[in-house]
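Peer 1: Would you mind keeping the following structure in view while I ask a few things?
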Amino acid sequence: MVGAGVLSLPYAMANLGWGPGVVILILSWIITLYTLWQMVEMHEMIPGKRFDRYHELGQQAFGEKLGLYIVVPQQLICEVGVDIVYMVTGGKSLEKVHKILCKDCKSIKTTYFIMIFASVHFVLSHLPNFNSISGVSLAAAVMSLSYSTIAWAASVHKGVQADVVYGYKAPSTSGTVFNFFTALGDVAFAYAGHNVVLEIQATIPSTPEKPSKRAMWRGVVVAYIVVALCYFPVALIGYYMFGNKVEDNILISLEKPEWLIVAANLFVVVHVIGSYQIYAMPVFDMIETLLVKKMHFRPSTTLRFIVRNLYVAFTMFVAITFPFFGGLLGFFGGFAFAPTTYFLPCIMWLAIYKPKKFSLSWCTNWICIILGLLLMILSPIGGLRNIIVQAKTYHFYS
C-alpha cells in the first residue's frame, strides 16, 4: 500500500492548503479503506466461487462483455501508469544519490539513470508469480516504512525554513486551480493498492470455516494503520517545514544529513523495484492470456521472454520521454486510480447487493461515487497542464 506517492504528499499539501489538504487526506483514507473492505467481502460472495481478478468481479456485476470493457482498460491504465511513474521515481532517486555522493563528478543524464533502474526489471520480470516475489515485496515494505520515516524525521531535523510561505505557489488564479486539481490526483495516487488486492487475496487459502476474507481483512487493517503512520506525518511535517517551496518529491528538498538522505533514496529504489513487479504481474498475466487464448500463440518461454521484455522497454521509454514525477502522479492518480480505487467497487456493490434506496449503504456508496467521479474528471486536467507547462522548458532525453 505505501507507495512512492507518499513522497509527493507535502507538495500536494502545498497546492491544496492546510484546510482542504487535511480534509482530503483524511477523506481519502476513509473512502479507500471502505472500498477495499467491499472488495475483500465481494471476493467470495458466492459460496464455493472466488473472484481472483478485478475483471471477474466486473463481469459478475455488469455482465460478461460489459464487465470486461469497463474494468480491463481501467486496470491496464492503472498498472501501466504506476510502472511508468515508478521508472521515473527509481531513476530520479539514483540520480539524487549520485549527486550527493559525487559532487565533483560530471553530471549524468536522467535518461541514463532511468535506463539503469530499468535494467533490473529485464531480469526480475521473468519471475513466475506473486509468491515468487514475496521476498522482494517484504524488502519493499520495510523500505517504504524506512524512507517515509526518514522523510519526516529529516524534515524535523532541518527545521522550519527561514523564508517559509504557506500561501498558494502559482502567481495566477488559474494556475492555483490547476495545481489544486493536480494535487487531488497526487493524493489519489498515494492510495493505489486496490488494483491487485483480489490477486493477493487469491493466494490466501480459503475454507467455509476459515474464509480468506478474515485473514485478508486483518492484513488490510494493519496495512491502513501503517499507511496512516507513514502518510500523515510526511504530508503535514514536510509541508510545515518547507511551505510552498517543497519539491514534488520531498527527498529532493532534503540535503542533510547526507548519509541519511542517500539511504532514503536507496530505500526508495529498492521499494519501487518490488512495487513495479507487483503491478506488472497482472499485466503480464493479461497479455499472455490474450496472446495464447485469443490469438492462439503457443505458450512458450520465448513468448514470455519477448512479451515481458517489451513491456519493460515500453514503460522505460515513456518514463525517459516524460520524467515529470508530479505531473504524472496527478494525471494517472485521477485518470486511472480514482475509478478503480474510489468508486468502481461502490458501483459493483450497488449492482450486486442492491441495497434499499436511501439506506445507509446506498447513501454511502453514492457519496463515494460522486466524489470519485469529480476526482476522475478534475485531476487529469491539472496533471496534463502540469506536464505541458514543464515540457515547455524541458529538453527531451536530457
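Just so you know, glycine gets a Cβ as well, placed from its N, Cα and C.
Bear in mind that TrEMBL entries carry predicted annotations, made automatically and left uncurated.
From TrEMBL, for reference:
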DOMAIN    1-382  domain 'Amino acid transporter transmembrane'
TRANSMEM  16-37  transmembrane segment
TRANSMEM  110-127  transmembrane segment
TRANSMEM  133-154  transmembrane segment
TRANSMEM  220-242  transmembrane segment
TRANSMEM  262-284  transmembrane segment
TRANSMEM  305-325  transmembrane segment
TRANSMEM  331-353  transmembrane segment
TRANSMEM  365-388  transmembrane segment
Peer 1: Six or more residues beyond either end and a Cβ under 8 Å away: which residues meet both conditions relative to the transmembrane segment (220-242)?
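Peer 2: Hits for the transmembrane segment (220-242): 1-2, 6-7, 9-10, 12-14, 18, 21-22, 25, 29, 33, 36-37, 40, 144-145, 148-149, 151-152, 155-156, 158-161, 164, 166, 190-191, 193, 250, 253.
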Peer 1: Is the number of Cβ-Cβ pairs under 8 Å between the transmembrane segment (262-284) and the transmembrane segment (110-127) three or more, considering only pairs separated by 6 or more positions?
Peer 2: yes
Peer 1: Cβ pairs under 8 Å with the transmembrane segment (110-127): which stretch of 16-37, 133-154, 331-353 has the most?
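Peer 2: Going through each listed stretch, the top one turns out to be 133-154.
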Peer 1: For the transmembrane segment (16-37) and the transmembrane segment (305-325), does the number of C-beta pairs under 8 Å, pairs 6 or more apart in sequence, reach 3 or more?
Peer 2: no
Peer 1: Do any residues of this chain, six or more beyond the ends of the transmembrane segment (305-325), have a C-beta under 8 angstroms from a C-beta of it, and if so which?
Peer 2: 8, 80, 83-85, 87-89, 91-92, 110-111, 114-115, 118, 121-122, 125-126, 248-249, 280, 283-284, 287-288, 291, 386-387, 390-391, 394, 396-397
